[in-house]
Amino acid sequence: MADNILTLFTSIGLSEQKAKETLKNEVLSGALKEAVIQAQRVNGPSGVDKAMGTLLYSMVCRLKDSKRLAFLSDCIAQKKICTELQLAAALDFVKGHPEDPISQKEFDEACGVGVVITPEQIEDAVESVIKKHKEQLLEERYRFNMGLLMGEARSALKWADGKVIKNEVDVQVLHLLGPKTEADLEKKPKQLRGEALKFHKPGENYKTEGYVVTPKTMELLKKHMEFTGGQIRTRFPPEPNGILHIGHAKAINFNFGYAKANNGICFLRYDDTNPEKEEEKYFTAIKDMVEWLGYTPYDVTHASDNFQKLYDLAVDLIRRGHAYVCHQKGEELKGHNVPPSPWRDRPVEESLVLFERMKKGMFAEGDATLRMKMVMEDGKMDPVAYRIKYTPHHRTGDQWCIYPTYDYTHCLCDSIENITHSLCTKEFQARRSSYYWLCNALDLYCPVQWEYGRLNLTYTVVSKRKIIKLVETGVVRDWDDPRLFTLTALRRRGFPPEAINNFCARVGVTVSQTTTEPHLLESCVRDVLNDTAPRAMAVLEPLKVTITNLPKGTKMDVRVPNFPANEAKGSHTVPFTHTIFIEQSDFREGMEKGYKRLTPEQPVGLRHAGYVISVQKVVKDSQGKVVELEVTCCSSETAEKPKAFIHWVSQPLVCEVRLYERLFLHKHPEDPSVVPNGFLSDINPNSLQVISNALVDTSVKGAKVLDKFQFERVGYFSLDPDSTTNKLVFNRTVTFKEDPGKI
């Protein structure tokens with residue numbers, strides 16, 4: 001039964017490996033089977049080609065309402081839906097029209113059914129767009145953002161094939177500008193983009209919209225400029241209570257990158273004001289990750305460095321009549337409709353005495369807090385500045401039993417360190433008014449707070465609480481499990497730091513929140529690894545091949561370039577003997593349309609070896625499974641050119657390979673409308689596949705942990721810390737980009 005479905009799936013153009021992976025997911029394979037059978041009812045058993053099969057597969061993966069499966073399968077089979085663009089529109093339409101019947105006319109209009117875009121229309125649209133931007137194109141040449149041309153041409157011709165538009169843009173740009181010169185190929189220095197373009201110059205804080213100017217502002221700015229010399233100063237201020245994730249990478253890049261681009265400095269400041277949650281491993285891991293991404297802090301500081309100064313400032317704040325000791329309980333202070341404190345107007349001297357008693361440990365936890373007399377932008381009244389915690393601090397031990405809050409500490413530490421640009425994510429916008437209020441209430445230098453949109457990725461969770469839950473329930477091994485998007489996990493998986501930085505640069509900095517799919521990050525990873533990961537050959541599902549016309553003792557060294565596109569970057573040798581191993585999927589017993597690799601009737605080339613092999617005998621076990629091929633080989637110089645060349649290994653090392661897929665089934669596993677039973681119910685059961693006895697060529701024998709390789713025709717891999725001298729363990733970093741024409 002499973003073999004029949006496997007054959008059905010490969011008949012529509014899925015690779016054997018993809019078909020096998022699909023079979024592991026019962027819901028997906030059942031839906032795909034139903035869709036293919038529906039399409040075959042329309043077009044006949046052989047009427048579903050690869051293009052149609054790709055659309056059917058894409059449709060069942062993304063369709064939320066299974067009752068629309070037959071309708072959409074019919075539309076694809078009847079070639080009403082012919083492109084990914086139309087499919088996306090169709091899925092949006094059925095999602096927005098859950099009730100029957102669907103209006104065919106409205107559907108056709110929404111999905112561009114029957115719309116034909118001619119090559120002449122595409123040519124005219126591109127010509128019009130290029131004419132519009134001609135002056136800037138001639139000035140900037142190939143540094144011009146070609147995506148702008150693509151976007152405008154596609155806007156004019158919504159249903160045109162994107163590839164055809166891109167080809168036309170390339171042709172017309174080449175005609176206008178001519179081939180790229182050496183000047184065009186030079187790397188452009190990084191420019192500030194997005195929100196950074198609006199930033200104030202040091203000392204001109206008062207020019208920023210919303211900045212509060214007091215009678216002391218100009219005098220304080222003058223002292224600040226005398227101290228800094230007009231230098232830009234930023235900081236990255238993580239809480240040391242968890243491991244950094246991909247969102248932090250954006251913050252690191254923005255804070256350190258903005259300072260670096262302007263010859264400024266950036267501090268790494270630990271916001272260590274909550275002793276209950278801080279651990280040494282987090283302090284170490286945060287610094288490691290900042291340095292791994294390529295940044296060196298000007299100085300490593302701690303909020304706790306300033307505990308005495310912060311306390312003294314709190315006393316001053318009380319004396320000025322801007323703070324008071326309150327006895328409302330924590331539960332009473334939650335939410336936005338908090339009743340006013342009955343202690344708000346207590347005498348200053350009384351609050352000073354009570355605050356001193358708080359410091360001396362004369363109140364129980366929760367019995368007293370110090371609150372600031374101000375209303376925040378979100379309407380929250382009198383935020384807490386100090387609370388009591390009888391927990392020893394990681395750095396100061398039992399010296400303190402009162403600890404400052406973020407709302408109190410953050411702006412004051414920025415002021416103490418003479419920060420010029422306090423960069424933080426959008427959710428802190430509601431605290432901007434309290435930031436300015438507190439600095440001004442104490443007559444201190446006030447930096448400018450700038451907010452930007454945080455970076456989110458689909459198919460993952462990044463909150464500390466939820467990652468801890470994943471670890472505790474055994475879904476993942478630890479914070480560095482390669483299926484997570486913590487920075488330690490990405491490093492272990494083999495993501496190069498340059499790729500993460502490039503991803504952050506590509507996403508850019510905007511005010512709006514950014515939600516991105518993992519494939520954009522993976523694309524940046526491929527770009528880096530393609531240039532930096534040397535090639536090797538590995539076979540994940542080995543099939544033994546005996547070359548009968550080579551003597552048993554034959555052993556030759558085959559030279560394999562580390563980087564085939566640039567052989568000057570070196571090479572390595574691998575043995576070639578009487579026995580080799582190939583991928584099981586590179587052989588099929590029966591000849592199938594479009595299959596280009598090894599069959600009993602069809603020879604195949606061996607990469608780098610200079611040989612073509614032809615099957616002489618297929619050896620099977622008692623269950624009828626193919627366990628060995630007996631072949632003959634001949635020189636590729638004398639043989640007719642084969643349709644394909646495959647990779648192989650000989651006298652290989654046995655290794656473990658871990659293949660990773662998305663950890664969650666849905667884009668937004670935390671969304672209760674999509675995953676009503678919570679994120680733990682959305683785990684992808686196939687997110688990890690362990691292959692215990694894969695084979696890899698001997699060139700990787702001396703590899704160090706985290707060394708990266710491109711296994712030819714398989715993907716990019718990195719050596720895992722679990723490796724031993726007896727057995728190497730490789731993590732698949734990313735697959736190759738899907739090539740729809742490759743079978």
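Using N, Cα and C of the backbone, Cβ positions are placed for all residues, glycine too.
Annotated domain 'Glutaminyl-tRNA synthetase class Ib non-specific RNA-binding' per TrEMBL: 4-162 (among others), in sequence order.
Sequence annotations record features per position, and here TrEMBL assigns domain 'Glutaminyl-tRNA synthetase class Ib non-specific RNA-binding' to 191-222 (among others).
Taken from TrEMBL, the feature domain 'Glutamyl/glutaminyl-tRNA synthetase class Ib catalytic' covers 231-530.
Per TrEMBL, the feature domain 'Glutamyl/glutaminyl-tRNA synthetase class Ib anti-codon binding' maps to 533-632.
For the domain 'tRNA synthetases class I (E and Q) anti-codon binding' (645-720), residue counts in helix, strand and coil come to 7 helix, 31 strand, 38 coil, using DSSP. Per TrEMBL, the feature domain 'tRNA synthetases class I (E and Q) anti-codon binding' maps to 645-720.
Averaged across the domain 'Glutaminyl-tRNA synthetase class Ib non-specific RNA-binding' (191-222), pLDDT for the predicted model comes to 84. Broken down by DSSP into helix, strand and coil, the domain 'Glutamyl/glutaminyl-tRNA synthetase class Ib anti-codon binding' (533-632) contains 6 helix, 53 strand, 41 coil.
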